[in-house]
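Annotation source Swiss-Prot lists alpha-D-glucose 1-phosphate binding site at Tyr113, Gly179, Glu194, Lys195, Ser212.
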Amino acid sequence: MEILMKSGDLNKYDLVKNTLVLVLAGGRGSRLHELTDKRAKPALYFGGNRRIIDFALSNCINSGLNRIGVVTQYAAHSLLRHLQTGWSFLPQERGEFVDMLPARQQIDDSTWYRGTADAVYQNMAIIKNHYRPKYILILAGDHIYKQDYSVMLMDHVNSGAKCTIGCIEVPRSEAHEFGVMAVNENLKVKAFVEKPKDPPAMVGKPDVSLTSMGIYVFDADYLYKMLDREVGTPNTSHDFGKDVLPKCLEEGALYAHPFSRSCMGRNTEGEIYWRDVGTLDSFWQSNIDLVSENPQLDIYDQSWPIRGNPVQAYPSKFFYKHSNVHPVDNSLIGGGCVITDASISNSVLFDRIKIDSFSKVDHCVVLPQVKIGKNCVLKNCIIDRECEIPDGMQIGVDMEEDKNRFRISSTGKVILVTPKMLKILEGHEIGEEGHLD
């Protein structure tokens, strides 16, 4: 693949100051089941003290892109609170901001965004009249990765493209979840199909497909034209992958940007890191991966920091009065936790968690404000926020029993536990859960 960007071709400052970023953060993430019943997927916790959307937003700031709009829709309350408290530090007087663009009632009485393209279209008047960008970078707010978007912007301008799509190589067996493309030697897209049942392989790589990352750079005027045209198309699904990108392809305006050119997070073997944590298994695994000695994703890297809004909690404390208890091993522990004579291994614990005597927590992701009683055994679990695990409960030991009590992942490996499930087990009547996430 030919390298498009040449040193000194563009003034990076002029490029980023004329770019508006739109982060699409309105999705539910239905494959995460009860984990996203009360929160949008981008607001889901990740890595001990962050939210998923913090990765896309941190990439923007680290790339010098400080004009950001976050498009919200489904169960947006916790996401909006997170943005207000954790991402309001940019100086408005310098034209820098993280603005929130929630779904709102239109003149034609439509209230919900009908697709990814419609989410941008319904905000087009604001974009044109208020932000007035020359380029628009569109991101999904629910992926885990580190990327310098300014490199992609430079490639976009140098290529002469009207639209550039971020791409990554994935195993062909997984490519049916994404848009799949073929490119020529100059990275011009020659074919594109959204979520094909039988994904085409890359030339010379029969087990690999080139897929869309859901990241697009548009010349602003070209995007306005394409969205005006798309909204009037019969039987449209109002989706970038299904409707807009194929039209860009027909016009010869679509180019690809390989993620390897702008990736800022590589593992010790030099492999690029990008995760779509859209299932219980992938969410659990991506968190558990962080506890290894040399994780694929380095959350401690100060050269490309992942910002957020960590809870201001007291330091965690550990009491071990019995020598036969194996203490904490290979785990991430958030602030404000109290651990008493409990064994914790290969797990990610968020903030304000209490674990009582002689309990064992192994390969678990435990979200904030969970209480785990005495003599409990938890293995391969995702424990949702504010769960209270009663004394002696075992989860992840007898899968047949767990199937009747909790949510089991599609692979049968991971168990999701929520407060509602625990209340049903206790025989309590279930009303509306009203906690602020």
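Yeah, the Cβs are placed from backbone N, Cα and C, and that goes for glycine too.
Features as recorded by Swiss-Prot, highlighted on the structure.
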residue: Tyr113; record: alpha-D-glucose 1-phosphate binding site; DSSP class: coil
residue: Gly179; record: alpha-D-glucose 1-phosphate binding site; DSSP class: strand
residue: Glu194; record: alpha-D-glucose 1-phosphate binding site; DSSP class: strand
residue: Ser212; record: alpha-D-glucose 1-phosphate binding site; DSSP class: strand
Extent of the alpha-D-glucose 1-phosphate binding site in Å [max Cα distance among Tyr113, Gly179, Glu194, Lys195, Ser212]: 22
Those residues of the chain, 6+ apart, with a Cβ under 8 Å from that of Glu194 (alpha-D-glucose 1-phosphate binding site): Gly179, Asp239, Gly241, Lys242, Leu245, Pro246
Nonlocal residues around Ser212 (alpha-D-glucose 1-phosphate binding site), in sequence order (Cβ under 8 Å, 6 or more apart): Ile165, Gly166, Cys167, Phe178, Gly179, Val180, Met181, Phe192, Gly241, Leu245
Neighbour count (Cβ, 10 Å) for Lys195 (alpha-D-glucose 1-phosphate binding site): 15
Spatial neighbours of Tyr113 (alpha-D-glucose 1-phosphate binding site) that are distant in sequence (at least 6 apart) but have CB under 8 A: Gly26, Val71, Gln73, Ala103, Ala119, Gln122, His238
C-beta crowding around Gly179 (alpha-D-glucose 1-phosphate binding site), within 10 angstroms: 25
